[in-house]
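Participant: Got these off Swiss-Prot a minute ago, pasting:
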BINDING   Ser9, Phe10, His17, Gly89, Leu90, Arg91, Glu99, Lys124, Arg125, Ser126, Leu127, Ser128, Ser129, Thr130  ATP binding site
BINDING   Ser9, Lys41, Thr74, Arg88  substrate binding site
SITE      His17  site 'Transition state stabilizer'
Amino acid sequence: MKIAIYPGSFNPFHKGHLNILKKAILLFDKVYVVVSKNVNKSLDPDLQSRVENIKNLIKDFSNVEIIINENKLTTTIAKELNACFIIRGLRSQADFEYEIKYYDGFKSLDPNIEVVYFISDYDKRSLSSTILREIEFYKK
């Protein structure tokens, strides 16, 4: 069974994330969406509310499960779930440069883990959780 994890803060989980997840479920038997705190972001909302948001968007996906990561390394969670793959999304060359560091980090922690990158569809590339949060903030 091919098991993967799709980690992120998903604050919020948006159409770009969903686009990557839909691609991943075509290749993997089981995908765990791992919702994590982001230590680099202040005002990180409640993890449970983010999980509920994702549940509403993926209710028709039979091979996807959502879990909360309070404070574990991504590679530790992968091992606990018997996942050999970590899913990441790419929107641009800048994302690629950023992701190389993650790749190196994942491989240094677990040389057996494979990181699989999916490129966002063209119409989803401009989506960013940070931008969506800023828009929501200024709408108030």
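Heads up, residue numbers simply count up from 1 along the chain you see.
For all residues, glycine too, the Cβ spot is worked out from N, Cα and C.
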Participant: Could you tell me which of these binding-site residues, Ser9, Thr74, has the greatest number of Cβ atoms within 10 Å of its own Cβ?
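Facilitator: The most densely surrounded of these binding-site residues is Thr74.
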Participant: Kindly assign His17 (ATP binding site) to one of the three DSSP-derived states: helix, strand or coil.
Facilitator: helix
Participant: What whole-number Å value do you get for the CA-CA distance of Leu90 (ATP binding site) and Thr74 (substrate binding site)?
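Facilitator: A Cα-Cα distance of 18 Å.
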Participant: For His17, Arg88, Leu90, listed as binding-site residues, tell me which one has the smallest number of other Cβ atoms within 10 Å.
Facilitator: Leu90
Participant: Please report how many Å separate the Cα atom of Glu99 (ATP binding site) from that of Arg88 (substrate binding site), as a whole number.
Facilitator: 8
Participant: Would you kindly give the Cα-Cα distance separating Ser9 (ATP binding site) and Thr74 (substrate binding site), rounded to the nearest Å?
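Facilitator: Answer for this pair: 12 Å between alpha carbons.
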